[in-house]
Ligand SMILES: Nc1ncnc2c1ncn2[C@@H]1O[C@H](COP(=O)(O)OP(=O)(O)OP(=O)(O)O)[C@@H](O)[C@H]1O
């Protein structure tokens, strides 16, 4: 059933776009934001509190005028925050004094354009075009660009935030944390920010490394008595980009060092961009001091791409290799491989290699034959019921026991393990897992995942089951029976 509150949405959106301009509209009123009229209220549905605070601080006046113009009466603003994380997780505080964002994102396959900088470092020529000397990754390949990132509903906000970061370098929000599962484009986005900053602000010093390299550099400098040099290097950046922040989990000394570097950088006006495979609140054994800092800017999640976006990614990747991928082939790959973009890339690579080696036409038959083994393997992917069965068997619980209302530890602990394994081995969303295991909500699954990670990080923690030494051993036993 359609929600009658949103009957006037298109008129409201058109009027807001008219007032705030296409580019700002694209960033702040894109897919995740809804506009509707409910009685005397103009309802503004936003993805998280960051958006609520930003829109309230910057656009309340425009929204009130638009509401009145479209509905013919004065409306109060009412925000609905659809934050998918547990309450308190996304407590972010934007600094509404920053310059307005100006991103030109339009649709799933349209690359964003980054307008020229308002100031700061000397700007390059107004029409950037492909840079002659494209910055390279440590492995010598050119850095991926934001324009090459194909956004869909679950990644558009992250792309827009990275575009804004590359443009305003921390003046709009700081830090930016991008988090999400394996192979969903975190490194690509970070490289894109590094590349765009270098292009937009050629004088800027961009330090771009992994948390592991930061950790190794720190430990080595302690060992060799060169801590001062390490500090002056890591604290003199204009933009610090740190990948795989979850690597800092349980590394107390490195966390402290990074926290001081972070404070020094932010107080000198530098921008910080981070990626992690988990939300900062879920990284085990991260000090509260550091977690709070990471949550102090914008935290944005990358979701796995939907089928339309998967197809668009495949088409774009093939086009970048000069291949016009037939729709049927793109659809076949996109429908069978869903876990990550890296997996899609691998499949595309196999299909193109197969075509090249056999000289056959690139069509559905060729794709089927090239991917037969890969897809057979994926078809055996783990389902929620497999995890339920494996955990119940190991803990000797009755069928449906994990879905029951029982609050006894003998049931709640295995249920938490099952939820953790479901996140790890299936593509299911928090809400889907919660529903499956007895109609629970997504925050229960988030808490379960966090709890299990703490158990795993705690070496003193006893296992949950007689006969096993650690929680890790219990999980390994379940995973063995799942055939992973
Ligand atoms: N939306 C996208 N559009 C285009 N390419 C993408 C997209 N998402 C991911 N990719 C590509 O998929 C590959 C894997 O992405 P990337 O390495 O950035 O993932 P990641 O999230 O950092 O993974 P990991 O957690 O394993 O480090 C890269 O080649 C990247 O360019």
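Every residue number used here counts from 1 along the chain in the order it is shown.
From the backbone N, Cα and C atoms, a Cβ is placed for every residue, glycine too.
Unlike curated entries, TrEMBL annotations are predicted automatically.
Over in TrEMBL, the protein carries these features:
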type	residues	note
REGION	1-109	region 'Domain I, interacts with DnaA modulators'
REGION	85-143	region 'Disordered'
COMPBIAS	121-132	compositional bias 'Pro residues'
REGION	139-355	region 'Domain III, AAA+ region'
DOMAIN	172-306	domain 'AAA+ ATPase'
BINDING	183, 185, 186, 187	ATP binding site
REGION	356-484	region 'Domain IV, binds dsDNA'
DOMAIN	383-452	domain 'Chromosomal replication initiator DnaA C-terminal'
Neighbour count (Cβ, 10 Å) for residue 185 (ATP binding site): 25
Can you give me the residues near the recorded ATP site, meaning same chain, not 183, 185, 186, 187 themselves, Cβ no more than 8 Å from the center of the site's Cβ atoms? 180, 182, 184, 188, 189, 275, 302, 341, 342
Would you mind checking how many other C-beta atoms are within 10 angstroms of the C-beta on residue 183 (ATP binding site)? 17
Just to be sure I understand the packing, how many Cβ atoms besides its own are within 10 Å of the Cβ of residue 187 (ATP binding site)? 17
Average the pLDDT scores across the domain 'AAA+ ATPase' (172-306) and report the rounded value. 93
What counts of helix, strand and coil residues does DSSP assign across the domain 'Chromosomal replication initiator DnaA C-terminal' (383-452)? 50 helix, 0 strand, 20 coil
